[in-house]
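S.K.: My questions will all concern the structure given below.
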Amino acid sequence: MRLAASIAVALPVIGAASAQGFPPPVTGVTVVKSKYDENVKITYKENDICETTEGVRSFTGHVHLPPDNDYFGVYQNYSINTFFWFFEAREDPKNAPLSIWLNGGPGSSSMIGLFQENGPCWINDDSKSTTNNSFSWNNRVNMLYIDQPNQVGFSYDELTNITYSTINDTISVADFSSGVPAQNLSTLVGTGSSQKPWATANNTVNAARSIWHFAQVWFQEFPEHKPNNNKISIWTESYGGRYGPSFASYFQEQNEKIKNHTITKEGEMHILNLDTLGVINGCIDLMFQAESYAEFPYNNTYGITAYTKEKRDAIIRDIHRPDGCFDKLAKCREAAKEGDPHFYSNNATVNAICAEANSDCDKYLMEPFQEANLGYYDIAHPLQDPFPPPFFKGFLSQSSVLSDMGSPVNFSHYSQAVGKSFHGVGDYARPDVRGFTGDIAYLLESGVKVALVYGDRDYICNWLGGEQVSLGLNYTGTEAFRKAGYADVKVNSSYVGGLVRQHGNFSFTRVFEAGHEVPGYQPETSLKIFERIMFNKDIATGELDIAQKQDYGTTGTESTFQVKNEIPPSPEPTCYLLSADGTCTPEQLNAIENGTAVVENYIIKSPAASKGNPPPTTTSSPTASPTAGSAMLKAPVAMLAISALTVLAFYL
């Protein structure tokens, strides 16, 4: 084994994105005990790890909820220690609104959004230093990044010794009573969560119940946030297409119960004044979005053809056949309505029916796309995709960073326990009580702004499906929204960043030249859209006050499909040790496993990878690469024993 001098041989790296050895002892944290419950507390630490703007404060910490409670309406017998990272606004934080940011998964850390998309800093390719992000979303808004549900990212239930395989991207519980095992590039050690699938929320609605309790504690008792503006927004991404509508509608329902005195328990009566729900490339409802998985790989604005028209037509037929995807989704939803109406996922029969529906839909929707060897999150990129750069994983591996954060656990970008728990009950196949599109309609009727924002190169939660969701809502503004045309999103005097359909508080935006993580591709465009929505301006120009003009509607074309895009150059390949399964070739994976890889700052320098083939178009043939594809897919699928759709679709 050869390691570059920049990585100490004695300090391994850990986690599905994680840390150099065990975390250092936690010191210097402030402890705030709840005035409502002696068993609840907040621990936190102020630091300048990412936000280095003079005078702008940031804090990392945990909200600790004890076991033996019925927070979810079902007995919860595990500790919940939910991690947060709070950044004050760079401009007038006392009067700035606040937005929560949640990545999806289920099981993905919100550090993905913070460091790859919209946080105050970018991580440089040395995985050690940072560069200021001038398009950070905390320019004018207080930002609260949360790792949820329990066991995601820096959140944990109980501190547990673990090993991590960089080859398979898997975490295993370890017994170190006889000593810590030898470590190398492929096998690392650290401290994580218990990895018990039952020690976390097991579905979207239970996650909503959990995050509401977190919010009750944080917004009432975190002493460093005392704003004059008490409005709260939720922005989210990917599987957040389910999180966002469910969480926001649950918050709104709880607000109503507090107002009518249905909720009277001390410490749980803080009204969370919802302002905006923003969803970026959200997978919201498979009933609305399923056909887009067949259509988008063949028919998109880049001229990329992952497969033929005949294959597309066959997929459509398969999902509509008797006892196919749509039939099984309908059966799942009917069973859930009868057997688990409040979405606790405690009915084994319902869980099995919905898990089968999820698996069947995957078979016909996802598997044909795998053969094209294209990026799930960017169809113009190869399957082994180095963008957005994964350097934050090495950054969060540093002992000094973990110490400054006050974290007792190593970082992991994805929780296997959460993935297993959600997928085992068929979460993606079923809606919540109102339905996720119904949740959006409910929020709009309640006066909450809702923005759907989609990058136009993402396959996994693509904009064609997102547009169908936007047109399928049933609320009082439905017809007016559908009649609104698409207008240019004017980012600056020389650049149009996308097209938006907007009526009043509801909008759908297609962002040009962006994959799944839109702010990582188009930071200026994303910031403009975010701030215009947050401050009640029209998305197209940012000049009109929507609060004073609630009947505002965009004018323009009925469709955006006439606006075509050029295929960008493929990114230079970068095999990154802490993202090996998604960025490295089979040859590089073998070198990591046998210890012959040359590594510098987590980047495999040798063996080097060659640039992949350009994506197939209408004038070329698909270039399938089953070997490379299997290198990406084998670990998560084998590890979770679940469908490729549920593993890959929502890693972010």
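The backbone N, Cα and C atoms fix where each Cβ goes, glycine too.
What Swiss-Prot records for this protein is below:
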SIGNAL    1-19  signal peptide
DISULFID  C50-C121  disulfide bond
CARBOHYD  N77  N-linked glycosylation site
CARBOHYD  N132  N-linked glycosylation site
CARBOHYD  N161  N-linked glycosylation site
CARBOHYD  N168  N-linked glycosylation site
CARBOHYD  N184  N-linked glycosylation site
CARBOHYD  N202  N-linked glycosylation site
ACT_SITE  S238  active site
CARBOHYD  N260  N-linked glycosylation site
DISULFID  C325-C361  disulfide bond
DISULFID  C332-C354  disulfide bond
CARBOHYD  N347  N-linked glycosylation site
CARBOHYD  N410  N-linked glycosylation site
ACT_SITE  D458  active site
CARBOHYD  N474  N-linked glycosylation site
CARBOHYD  N505  N-linked glycosylation site
ACT_SITE  H516  active site
CARBOHYD  N594  N-linked glycosylation site
REGION    608-628  region 'Disordered'
LIPID     G629  GPI-anchor amidated glycine
S.K.: Could you work out which of the glycosylation sites (N184, N594) has its C-beta surrounded by the smallest number of other C-beta atoms within 10 A?
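M.R.: Output over glycosylation sites N184, N594: least Cβ neighbours within 10 Å is N594.
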S.K.: Taking only the Cα atoms, work out how far N161 (N-linked glycosylation site) lies from S238 (active site), in Å, as a whole number.
M.R.: 30
S.K.: List the same-chain residues at least 6 positions away in sequence whose Cβ sits under 8 Å from the Cβ of N505 (N-linked glycosylation site), in sequence order, or say none.
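M.R.: Long-range Cβ contacts: L444, G447, V448, K449, V450, G477, I546, Q550.
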S.K.: Quick check: of the recorded positions listed here (C121, N347, N410), which one has the Cα closest to that of N260 (N-linked glycosylation site)?
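M.R.: Answer for the nearest of the recorded positions: N347.
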S.K.: Rounded to a whole number, how many Å is the Cα of N132 (N-linked glycosylation site) away from the Cα of N202 (N-linked glycosylation site)?
M.R.: 37
S.K.: Enter the number of other CB atoms within 10 angstroms of the CB of N161 (N-linked glycosylation site).
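M.R.: Its Cβ has 16 other Cβ atoms within 10 Å.
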S.K.: Where N410 (N-linked glycosylation site) and S238 (active site) are concerned, what is their Cα separation in Å, rounded?
M.R.: 24
S.K.: Where does N168 (N-linked glycosylation site) sit by DSSP, helix, strand or coil?
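M.R.: N168 (N-linked glycosylation site) sits in coil per DSSP, no helix or strand.
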S.K.: Could you check the glycosylation sites N347, N474 and say which one's CB has the fewest neighbouring CB atoms inside 10 Å?
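M.R.: Result for the glycosylation sites N347, N474: minimum number of other Cβ atoms within 10 Å at N474.
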S.K.: Per DSSP, C332 (disulfide bond) is which: helix, strand or coil?
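M.R.: It is helical.
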S.K.: Does DSSP give C121 (disulfide bond) helix, strand or coil?
M.R.: strand
S.K.: For C121 (disulfide bond), list the number of other Cβ atoms lying within 10 Å of its Cβ atom.
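M.R.: So the Cβ neighbour count for C121 (disulfide bond) comes to 20.
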S.K.: Can you tell which of N168, S238, C332, C361 has the least company, meaning the fewest other C-beta atoms within 10 angstroms of its C-beta, among these recorded positions?
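M.R.: Each of the recorded positions N168, S238, C332, C361 was scored; lowest Cβ tally within 10 Å is N168.
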S.K.: Can you check which residues sit near H516 (active site), meaning Cβ under 8 Å from its Cβ, same chain, 6 or more apart in sequence, and list them in order?
M.R.: E237, S238, N281, Y376, Y377, D378, G455, D458, I460, C461, L652
S.K.: Only counting partners 6 or more residues apart, tell me which same-chain residues put their Cβ under 8 Å from the Cβ of N202 (N-linked glycosylation site).
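M.R.: Within the chain, N202 (N-linked glycosylation site) has Cβ neighbours under 8 Å at S345, S421, F422, G424, V425, D427.
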